[in-house]
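Below: the structure, in structure tokens.
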Amino acid sequence: MAKLMLLTLLGLGLALFRDHRASYQARLNAFREVKPVELPNCNLVKGIESGSEDLEILPSGLAFISSGLNYPGIKSFEPDKPGKILLMDLNEEDPTVLELKITGSKFDHSSFNPHGISTFTDEDNTVYLLVVNHPHFKSTVELFKFQEEEKSLLHLKTIRHELLPNLNDIVAVGPEHFYATNDHYFVDHYLRSWELYLGLAWSYVVYYSPTEVQVMADGFDFANGINISPDGKYVYIAELLAHKIHVYEKHANWTLTPLKSLDFNTLVDNISVDPVTGDLWVGCHPNGMRIFFYDPENPPASEVIRIQNILTEEPKVTRVYAENGTVLQGSTVASVYKGKLLIGTVFQKALYCEL
């Protein structure tokens, strides 16, 4: 009888393992192959070799790019070098990047590990850059003031909070006010891996201000990119492993109410919003297995989608760019400026295209 019970338990365990493995593979889109979508004139950006995970373009055409992300479980080509913030002027004919100097006595350059970024421009046209940072694989938000003449960032403040333990992306709604995604619930790396494998949809979105910090949305299977509509009325959240983008209505007290969700056949990463049209531009991973288990012989592909009229009953979704990884590996973000498209990646290069 004991042997029979043991065999039954083993059988149940194997069945559960197979179910979870199948679910894990489906959530990672493990078997999807990419059908290419080409753009007429694309060039790799000189000076970017170790990632351009997130980017933000100012109305003037200056683009901030976070580079050098070192994230647990993800490939890094320069794991021993600190990250950096790059600047690119998209008004130039053949734009190149320069590294912004960071000033401020309390900032530790050696552990700088930038992830998601967002800008906020004050009434006096002061530009603040908020950067998700992972010093020693922890999570902080670094607040910088952009000094355009000096081509530098003045470090103003480091923000830490117990509700900001696993930050991924951020959208600023004030100099020290933002919404941010936590892509995991657990902080421990071992528990994080099981959370990912089992599909525990426990990640969440937080609103932060100096006087109030609160969870505003939860139940996500890896909350990732986040952004806001040009009129400030709606917040968009990418749920990476559920292949969804959620639309939330933002209220005057900063709370969020779910409005609708869109499903995709790709892993949606960072969201950029066109300030003129309100269109969403999303960097995506067609096959997430190749991101989390990197093989240079079978590299992760890149994909960019555009979502028009997202608030209507029939949004228009267009695959603008797709490539199997021979040119661009692991696209995470895409943003437009005057008919040009800038695409960033988690650990590799960046691409600049004409639309």
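Here the Cβ of each residue, glycine as well, is placed from N, Cα and C on the backbone.
Not measured: the values here are computed from a predicted model.
Checking Cys42, Cys284 against TrEMBL, the residue bonded to Cys353 by a disulphide is Cys42. Distance noted between the C-alpha atoms of Asn324 (N-linked glycosylation site) and Asn270 (Ca(2+) 1 binding site) is 19 Å.
The distance from the Cα of Asn168 (Ca(2+) 1 binding site) to the Cα of Asp54 (Ca(2+) 2 binding site) comes to 10 Å.
Summary of the Ca(2+) 1 site environment: with the site residues Glu53, Asn168, Asn224, Asp269, Asn270 set aside, the chain residues having Cβ atoms within 8 Å of the Cβ mean position are Asp54, His115, Gly116, Asp169, Gly225, Ala238, Leu240, Gly283, Thr332, Val333, Val346. Comparing Cα positions, Ile117 (Ca(2+) 2 binding site) lies closest to Asn224 out of the recorded positions Asn224, Asn253, Cys353. Of all the recorded positions listed here (Asn168, Asn224, Asn270, Asn324), it is Asn324 whose C-beta has the fewest other C-beta atoms within 10 angstroms. Reported as a whole number, the C-alpha separation between His115 (active site, proton acceptor) and Glu53 (Ca(2+) 1 binding site) equals 6 Å.
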